[in-house]
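Heads up, the thing below is written out as structure tokens.
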Amino acid sequence: MAFGYVDCHCHITAQEFMQDTEEVIDNSRKNGVQALVCVTEHSGEFERLINLSERFPDFVMPCLGIHPIQSDTEGQRSVTMKDLEPVLAQFEKYKDQLVAIGEIGLDFTPWLAPTQEQRDEQLKVFKMQLDIAKRLDLPVNIHSRSAGRQTIAFLKEQDVHKVLLHNFAGRPSVALEESKTNQADSPGEYLFGDGLSIPGSM
């Protein structure tokens with residue numbers, strides 16, 4: 001039996017890999033990686049990721065999602081529904097190819113989402129993508145920064161159980177308590193994708 005690794009959260013469609021995507025994939029395979037669970041951050045990555053998953057089936061495992069922080073010509077900003085709405089049909093179009101919805105979540109970093117209006121808009125975008133995941137019966141790949149308790153509470157409120165917390169910047173006790181609670185309801189469905197650093201992310 002062959003043993004190896006699965007990268008449960010990577011950005012193969014990021015600008016940094018545009019020139020050497022195939023080399024990155026080849027090196028991953030040579031170093032024991034069995035699969036790449038690849039996420040998107042913005043709509044411009046959707047088609048590229050699907051194309052890569054078709055070129056490298058059973059290795060590039062696609063997740064589509066809109067990240068809570070977006071970039072434009074003026075820099076980083078909080079997500080709005082206008083970022084999500086143009087690509088809603090693509091979730092349905094590619095539903096049979098997806099392994100999860102992500103990277104989605106909440107990011108209440110004060111200089112990126114300082115107002116309650118921006119945070120409420122993030123929640124709307126997050127909820128719509130959680131609804132998509134539930135409808136398609138897919139896990140979610142979650143980013144949470146400066147919003148640990150809010151993220152956990154919202155996942156519970158929305159009755160979402162199949163979760164990978166990739167970037168959870170809340171207290172470890174909050175995440176671990178939710179994991180225990182969730183295991184009682186739906187065993188084995190919360191996973192943590194990053195190592196623990198103090199202070200840092202889980």
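Cβ coordinates come from backbone N, Cα and C, glycine included.
Because TrEMBL annotations are produced automatically, they should be read as predictions rather than curated entries.
Taken verbatim from TrEMBL:
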BINDING   His9, His11, Glu103  divalent metal cation 1 binding site
BINDING   His143, His166  divalent metal cation 2 binding site
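Note on His166 (divalent metal cation 2 binding site): other Cβ atoms within 10 Å of its Cβ, all shown chains, come to 24. Within 10 Å of the C-beta atom of His143 (divalent metal cation 2 binding site) sit 27 other C-beta atoms, taking all shown protein chains into account. Residues His9, His11, Glu103 make up the record's divalent metal cation 1 site, and a Cβ search at 8 Å around their centroid adds Cys10, Cys38, Val39, Thr40, Glu41, Cys63, Gly102, Asn141, His143, His166 from the same chain.
DSSP classifies His166 (divalent metal cation 2 binding site) as strand under the three-state reduction. According to DSSP, His11 (divalent metal cation 1 binding site) sits in a coil region rather than a helix or strand.
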